[in-house]
Amino acid sequence: MKDLLNFLKAQHKTEEFDAIKIGLASPDMIRSWSFGEVKKPETINYRTFKPERDGLFCARIFGPVKDYECLCGKYKRLKHRGVICEKCGVEVTQTKVRRDRMGHIELASPVAHIWFLKSLPSRIGLLMDMPLRDIERVLYFEMYVVTEPGMTDLERGQMLTEEEYLDRLEEWGDEFTAKMGAEAIKDLLASMDLPAEAEQMREELDTTNSETKRKKLTKRLKLVEAFVASGNKPEWMILTVLPVLPPDLRPLVPLDGGRFATSDLNDLYRRVINRNNRLKRLLELAAPDIIVRNEKRMLQESVDALLDNGRRGRAITGSNKRPLKSLADMIKGKQGRFRQNLLGKRVDYSGRSVITVGPYLRLHQCGLPKKMALELFKPFIYSKLETRGLATTIKAAKKMVEREEAVVWDILDEVIREHPVLLNRAPTLHRLGIQAFEPVLIEGKAIQLHPLVCAAYNADFDGDQMAVHVPLTLEAQLEARTLMMSTNNILSPASGDPIIVPSQDVVLGLYYMTREKINAKGEGMYLTGPAEAEKAYRTKTAELHARVKVRITETIKHENGKLTTETKMIDTTVGRAMLWQIVPKGLPYSLVNQKLGKKQISNLLNEAYRKLGLKDTVIFADQIMYTGFAYAALSGVSVGIDDMVVPAAKYTEIAEAEEEVREIQEQFQSGLVTAGERYNKVIDIWASTNDRVAKAMMENLSSEQVINRQGEQEKQESFNSIYMMADSGARGSAAQIRQLAGMRGLMARPDGSIIETPITANFKEGLNVLQYFISTHGARKGLADTALKTANSGYLTRRLVDVAQDVVVTEHDCGTLEGVVMTPHIEGGDVKVALTELALGRVVSEDILKPGTDEVLIPRNTLLDEKWCKVINDNSVDQIKVRSVVTCDSDFGCCAQCYGRDLARGHLVNQGEAVGVIAAQSIGEPGTQLTMRTFHIGGAASTAAAENSIQAKNNGSVKLHNAKFVTNKDGKLVITSRASELTIIDEFGRTKEKHKLPYGSMLSKADGDAVAAGETVANWEAHTMPIITEVAGRVQFVDMIDGVTVSRQTDDLTGLSSSEVTEAAARPAAGKDMRPAIKLVDANGKDVLIPGTDMPAQYFLPGKAIVNLDDGAEVNVGDTLARIPQKSGGNKDITGGLPRVADLFEARKPKEPAILAEHSGTVSFGKETKGKRRLIITRDSGDTYEEMIPKHRQLNVFEGERIERGDVIADGPESPHDILRLRGIHAVTTYIANEVQEVYRLQGVKINDKHIETIVRQMLRKCTITFAGDSEFLPGETVEYSQVKIANRKLVEEGKEPARFERELLGITKASLATESFISAASFQETTRVLTEAAVSGKRDDLRGLKENVIVGRLIPAGTGFAYHQDRQAKRAQEQQGPSAEQATDNLAALLNAGFSSDDE
């Protein structure tokens, strides 16, 4: 009985575990794993193919080669199980033990483990505080190291050369010991007293002041403490016993012809064993030192190669000149264990085939070829045949299926009914790349796919292939049906818009059906309803496009779900009335009573989903598709060459343009314009010509003259096939039609610059050779780009998934009061994104009040749905504070309230939803649509004039934000602050426009003034920065000496003089320390004070400033004292597209970032150095902060000006790290979200902000401790934010002082590698480094994220696995109290019963 129980236990040895710990293995531990020592390098006998004894494949050590049979054949069969044969020493058991029994090699001399030696930073080096060079010299027998100084004046760890060693030996004899090789290092490591070292370093940390020293000490202290805490011993980094991998994991297979295919590891092990045995023999023979040393060095090198080939020196190569694959290579990289076998496995019950269209399928169906279905569902068919008694055994059933008897097909039908299958199309860029369908059996060999899901799969039918997978268990079928069925995935998880949207033919059909035609047959009929309209159409009494009056009954769905009907006569067309028949009840007729393009149809489906729910929408979508196909066929729309009408105006336009170009060419030759101007002007001419031709062509195509019923001429939209395709959004665009019938226009070179000779021909006329050649030039680059883009985009997605994989919704509400403030997205005069669009699906974090009152409109913690958004719009609320993932307070993952609505489902997100992965997929999936290029600002773009005024685009009133200003003598306001903004607000208080106001702008309107559209509100000089006086008085020059600090020029024409301040570097010696300034004095020559301060009004002038005033001139408030010319922006390349998104998420610092003020205070300038300026900020408390700024940077601040922390001192692209440090988390979140959205918006891709916020949350995972308090942390160390939060909570509860910290922003790659989980980090990148670090510090992985759980083969803690994990946690908490006695007895009884009732062997 006991044996039976033990046997059963041995069969199911998957103990449940909750964490994985990694550490260093001690020699005893390695011996305890081992089943015997491998003594010989032999593998198998080449004649008998039996493993050699004591060799690498030895059956005595590793187990039998055949199941339950010893090597010599004395014991066979199950009955001898567990017997050890006395002849060959092999245990009789299953052969699969050869997969997990390890051996070992006793090394004749210790060997350093290369990972801890060479993986930077070297752990051995750091621990012993010795340079890596020195350690290597000792290990490879070049120098001696003192291990025991004894009574001599040597020091422990001192390096000695051969000569020095011999000298010392003569001097002191055996007073001291010095050794070389790994033994020496081992002795040094073993003799270290780690706790004492740690103590000493802590004391040193408190006393030392040097920053570099502190950094070094902190690093070393952390390592030492990790060793102490984990129970690892430092000497274990030196190997004395080498474990041997089980033989079935490094197989050796005989090929025919007497050759063998073998794993590289066998070669590497053979080398080690050979050298080890030779070393043993040499030691026994007491060979000369030099020979032994050489052998030991070779042993070290061969062990290095086995563990990590190529890490040190040249890689050992096999017979084919390729480096051998070592143990480290087995686990790292795309082909390594992690990514090849653990994160992505191939599965059975799957098939793949080409896809074709299934236009007659329902949305939840797919067509599956019978042949394929038969193969996939074989086991189900066998079992059915058996239970029905149609086949006696499985073998018989197999025969029946192979013969394909008639009954088999009937059973296949039954088996398949309501058994969903999964269809997947590679690349699976987001979760809609795998969906479930019910299979319908079809003839042929191609899978049929429903046209409406093509958008989600990004599939077309030009030879795409798809894979089919069969969910086997009931749970899997249930999940496939409830969660993955195509009918349950109508909305896109990225934006919440419908993704089941008709395209191409369907759109064209519906568009054709809903167009109107003047004077069509049957115009003016009165019809009793859609049915009669259809009858009229079918009997040919009325055309599809005829304008008629029809009696329509609308059903209105009310808030409470009640339905009421309303009937009225509506002016419409026959086609629209017929379409109304398929529209579900509850939608208004106005949605159909228009010409339906792609946008309108999408809107129609969206409305249906929001108002009527899932089921009606799905049925409706199918009906739309069938109708669309039917009428596209009836329309007879086709592409004919005569449909491309070339406008007559084209030739005259081109002739005019050529004339203009000729003129500019002449001007250039006579030197009136520069080469650059000529190029830009030529390009502008051709671009505008192209536009004019295109406009003429579109006007020509889009309308035609017809005679209406009154016999008059009337214009109507044309029924030109090509125009209809483009107008409906089915295929093609205005830009493409322009190339067909207008002119092709300007072409780009591969570097993005524009070729100045345009292609004047179009495709209808045909291109000549030159034109064809020009057009291939840029087009080829496009193709190359696309190939690169795909790889880049895939890599971005991989990094995003990796950083965000463990963000799961873990609780309903974290209880935080924090949130982010949402305002509409306004650029210049346009509202780009409305507030309601941004806030939809978010949870309000504080009560929204009715503007101007204290009445609560929306209470906090309300989920904003479409209904509430209407309330926000109607009350013209301008900003809302909503909860955000970034500010969520959950320790792990985030909470449902902070995330808000699940976009793909339309309600509050469920607990267990893997929102991190969804966010990563939503950002990564459109990556292939983004451009790869860096835009060169060339051609038309660079000539745009710099802005110098603000014109209102809407009526409303002016509002100024954080603006300081003075009023000048004309009564105009002059701005004297930096970061001012001007907004224009409509009568409801909604922000319509937002503009930046530069320093020195003149406003013609004051705060609160009314403004009309088109009025100029503010203006300023574009290329200079003024210095504005805030007081009136008389000018007095200080330190402004002509020829020393300033140079005066007098204009010959006007006679006016101006002085330009010379830069400090260019002045003669006398003027170096002078500081030119303009002081304002009153009539008696006394200093005028700046209002509100006791500082005299003195304005220091930077270099290059130009002063147009004379000494003693009178000035008024708001006058310009001096002007500083601004360098124009120049042609800076803008990084756009995919690289820009990657830069943002990697949090890369820009080349020349904007310089932001570190503190609030008053600015002054100190002594300058050769290339830098010294900027001093005096804080209100009186202490100063200095910063050196390169001279070539243009500063935005003057001496004596007050600035706030985070203000821009020098312009440039802002660095996200600075934004976080100086303006906080909200600012950096907004910055990254807006910048990323900018790129996607250009491509017309919609992504919800919350996905970007989820990634930003993960980038902010770490923080740096600034003050340790009573915590365990060290100041300056970087710790997981959640760790600090939990630790501080504890400290506060105990009444101790919590640690203080600053949040850090990490790029996504860094953040992925810095996760808590070493398994996840190791499977991402830099596997060796991650594992080395984890092993040394004895890390424990709690398997919190998704990736770790996939790798160890458990259910993931998300989705349906979330409940399972919650359960386990609750159980564990219970178990810590311990089970009761009764429970224990029950458990035992259950075990025994299980043992008896089992029908296992």
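The backbone N, Cα and C atoms fix where each Cβ goes, glycine too.
Bear in mind that the values here come from a model prediction, so they are computed numbers and not experimental data.
As given in Swiss-Prot:
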- Cys70, Cys72, Cys85, Cys88: Zn(2+) 1 binding site (BINDING)
- Asp460, Asp462, Asp464: Mg(2+) binding site (BINDING)
- Cys814, Cys888, Cys895, Cys898: Zn(2+) 2 binding site (BINDING)
- 1368-1387: region 'Disordered' (REGION)
- 1375-1386: compositional bias 'Polar residues' (COMPBIAS)
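Structural mapping of features recorded in Swiss-Prot.
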{"residue": "Cys70", "record": "Zn(2+) 1 binding site", "Cβ neighbours (10 Å)": "25"}
{"residue": "Cys72", "record": "Zn(2+) 1 binding site", "Cβ neighbours (10 Å)": "14"}
{"residue": "Cys85", "record": "Zn(2+) 1 binding site", "Cβ neighbours (10 Å)": "20"}
{"residue": "Cys88", "record": "Zn(2+) 1 binding site", "Cβ neighbours (10 Å)": "17"}
{"residue": "Asp460", "record": "Mg(2+) binding site", "Cβ neighbours (10 Å)": "11"}
{"residue": "Asp462", "record": "Mg(2+) binding site", "Cβ neighbours (10 Å)": "5"}
{"residue": "Asp464", "record": "Mg(2+) binding site", "Cβ neighbours (10 Å)": "17"}
{"residue": "Cys814", "record": "Zn(2+) 2 binding site", "Cβ neighbours (10 Å)": "19"}
{"residue": "Cys895", "record": "Zn(2+) 2 binding site", "Cβ neighbours (10 Å)": "22"}
{"residue": "Cys898", "record": "Zn(2+) 2 binding site", "Cβ neighbours (10 Å)": "29"}
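Using CA atoms as reference points, the binding-site residues Asp462, Asp464, Cys888 were checked against Cys88 (Zn(2+) 1 binding site), and the closest is Asp464. Among the binding-site residues Asp462, Asp464, Cys895, the residue whose Cα lies closest in space to that of Cys85 (Zn(2+) 1 binding site) is Asp464. What surrounds the Mg(2+) site, by Cβ distance within 8 Å of the Cβ centroid and not counting Asp460, Asp462, Asp464, is the set Ile355, Ala459, Phe461, Gly463 from the same chain. Cys888 (Zn(2+) 2 binding site) is surrounded by 27 other CB atoms, counting those within 10 A of its CB over all protein chains shown. In this structure, the C-alpha atom of Asp460 (Mg(2+) binding site) lies 45 angstrom from that of Cys814 (Zn(2+) 2 binding site). Under the DSSP three-state reduction, Cys895 (Zn(2+) 2 binding site) is assigned to strand. Ranked by CA distance from Asp462 (Mg(2+) binding site), the binding-site residues Cys70, Cys888, Cys895 have Cys895 at the top as the closest. Considering only the binding-site residues Cys70, Cys72, Asp464, Cys895 (Zn(2+) 2 binding site) has Asp464 as its nearest partner by CA-CA distance. Between Cys72 (Zn(2+) 1 binding site) and Cys888 (Zn(2+) 2 binding site), the C-alpha separation comes to 67 Å.
A Cα-Cα distance of 62 Å separates Cys70 (Zn(2+) 1 binding site) from Cys814 (Zn(2+) 2 binding site). Those residues of the chain, other than Cys70, Cys72, Cys85, Cys88, with a C-beta within 8 angstroms of the mean position of the Zn(2+) 1 site C-beta atoms are Ala59, Leu71, Gly73, Lys74, Tyr75, Lys87, Gly89, Val90. In sequence order, Glu811, Asp813, Thr816, Arg883, Val885, Thr887, Asp889, Ser890, Cys894, Ala896, Gln897, Tyr899 are the residues of the same chain, not among Cys814, Cys888, Cys895, Cys898, whose CB sits within 8 A of the CB centroid for the Zn(2+) 2 site. Comparing the Cα of Asp464 (Mg(2+) binding site) with the Cα of every entry in Cys814, Cys888, Cys898, these being the binding-site residues, the smallest distance points to Cys898. Mapped onto three states, the DSSP output places Cys88 (Zn(2+) 1 binding site) in coil.
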